[in-house]
Amino acid sequence: MWVHEWHKMDLSRAEKLESQNEVQQQPSKGTSFLRTCFNGLNALSGVGILSIPYALAQGGWLSLVLLFLVAVLCWYTGLLLRRCMDTHPLIKTYPDIGEHAFGYKGRAIVSVFMYVELYLVAVEFLILEGDNLDKLFPNMAFKLAGMKIGGKQAFVVLTSLIVLPTTWLKSLGLLAYISAGGVLASFVLVICIFWIGAIDKVGFNESGVTLNWSGMPIAISMFAFCYCGHTVFPTLCSSMKDRSKFSKVLLVCFITTTISYGSMAVMGYLMYGEHIKSQVTLNLPIKKLSTKIAIYTTLINPLTKYVIITAPIATAIEEKAVFRNSRSLSIFIRTALVISTTIVALIIPFFGYVMAFIGSFLSVNASMLLPCLCYLKLNKAARRFGLESIVIVSILVAGLFIGVVGTFTSIKQIANHL
């Protein structure tokens with residue numbers, strides 16, 4: 001039944017696009033190269049920057065090579081998605097690519113990975129808020145429904161209560177504008193960490209370890225999380241004024257974010273070594289002004305991005321509901337989403353390990369495996385033996401290995417800490 005509904009929706013959308021094709025091809029329409037670069041950086045510059053020093057500590061100094069390798073692989077698979085879009089003019093989103101490659105099952109698979117990833121990132125936002133607010137205001141507690149809740153759990157619940165009314169909004173224009181500060185927030189965070197190390201005299205004196213094989217699965221899984229922007233790449237590409245420049249957009253975005261991630265990883269690891277926590281902000285000296293700036297900058301973005309992250313999930317559920325235009329049903333669905341993410345954040349409050357699970361199970365599939373499989377399906381020439389096919393098969397093998405080992409390790413770590 002749901003497949004049939006999808007079919008009807010896609011047919012009507014295709015007809016509208018075809019009928020308006022002439023108008024939409026006007027050169028004045030679409031986003032500029034610079035703005036698309038900014039949007040791409042915002043997609044890649046997320047909460048991963050907080051945990052990149054911890055990921056380096058897990059794998060040792062040599063794991064930096066894997067960070068750069070993951071960046072190159074994800075940049076290349078981003079190019080593959082761009083080539084997939086060239087095969088059909090009506091492809092606008094990642095699920096569209098999945099459908100054109102593997103039919104409605106392809107769309108369903110891509111959509112499931114997208115929505116589960118969004119859901120768990122929303123959970124990560126709540127865990128992040130709880131951890132950092134607890135560092136700013138230790139020993140806080142309050143009563144809710146007769147129960148005393150304290151510590152990190154109190155701030156997770158408080159954050160969910162704050163964001164709950166905003167999830168009921170249908171128009172997210174203002175919040176989307178505010179959340180675009182993610183790029184600036186990442187830049188400010190890197191500057192603050194440098195300031196604390198150099199000016200506030202924490203120093204860069206830790207030597208760390210060269211290689212830690214046991215922590216390598218967690219490290220590479222977290223690296224994969226840092227480059228999980230593929231779900232929005234097709235949308236960014238289709239919105240461009242000149243789609244032929246999207247390859248350059250990807251290059252700019254991946255080079256910029258890799259410099260940012262690499263510098264943050266090195267500084268954090270040199271400052272705190274093996275004592276680094278899952279979020280570098282949790283290690284910072286709380287009495288310093290630069291620490292407060294870093295933490296407040298870290299806290300603002302999840303508060304605004306939570307709504308934008310959960311909105312596509314709520315919309316997808318509402319479109320399948322019987323009373324799809326019911327305002328009360330919409331509020332109920334969005335409230336249930338907030339409650340469920342809060343419960344998960346309270347049960348599994350392990351920021352680093354949840355990030356590793358998202359990276360190994362969801363990001364690897366969305367950013368490595370699915371782009372390669374879709375491209376091979378849509379492009380017959382790529383299946384012939386040659387350099388391109390060797391590279392793609394190598395990415396598939398590497399992605400599969402990272403996915404299996406990383407998922408097993410992250411689940412095992414979460415289970416051990418419960």
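Keep in mind that glycine also has a Cβ here, set from the backbone N, Cα and C atoms.
Database features (TrEMBL):
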type	residues	note
DOMAIN	30-409	domain 'Amino acid transporter transmembrane'
TRANSMEM	33-55	transmembrane segment
TRANSMEM	61-81	transmembrane segment
TRANSMEM	108-128	transmembrane segment
TRANSMEM	174-198	transmembrane segment
TRANSMEM	218-237	transmembrane segment
TRANSMEM	249-273	transmembrane segment
TRANSMEM	293-317	transmembrane segment
TRANSMEM	329-351	transmembrane segment
TRANSMEM	357-378	transmembrane segment
TRANSMEM	390-411	transmembrane segment
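The transmembrane segment (357-378) and the transmembrane segment (329-351) are not in contact, since fewer than 3 Cβ pairs between them lie under 8 Å (pairs 6 or more apart in sequence). Long-range contacts of the transmembrane segment (329-351) within the same chain: residues 51, 119, 122-124, 126-128, 130-131, 152-153, 156-157, 160, 163-164, 167-168, 170, 278-279, 310, 313-314, 317-318, 321, 323, 413-414, 417-418, each at least 6 residues beyond the stretch ends and with a Cβ under 8 Å from a Cβ of the stretch. As a quick check, the transmembrane segment (218-237) and the transmembrane segment (390-411) clear the bar of 3 or more Cβ pairs under 8 A, pairs 6 or more apart, so the two touch. In this chain, the transmembrane segment (33-55) touches the transmembrane segment (249-273); three or more CB pairs sit within less than 8 A of each other, excluding pairs fewer than 6 residues apart.
Below 8 angstroms of C-beta separation, residues 63, 67, 121, 124-125, 128, 179-180, 182-183, 185-186, 189-190, 218-219, 222-223, 225-227, 229, 232-233, 236, 239-242, 245-246, 248-250, 252-254, 256-257, 260-261, 264-265, 267-269, 271-272, 276-281, 298, 301-302, 351-352, 355 of the same chain, each at least six residues beyond the ends of the transmembrane segment (33-55), sit close to that stretch.
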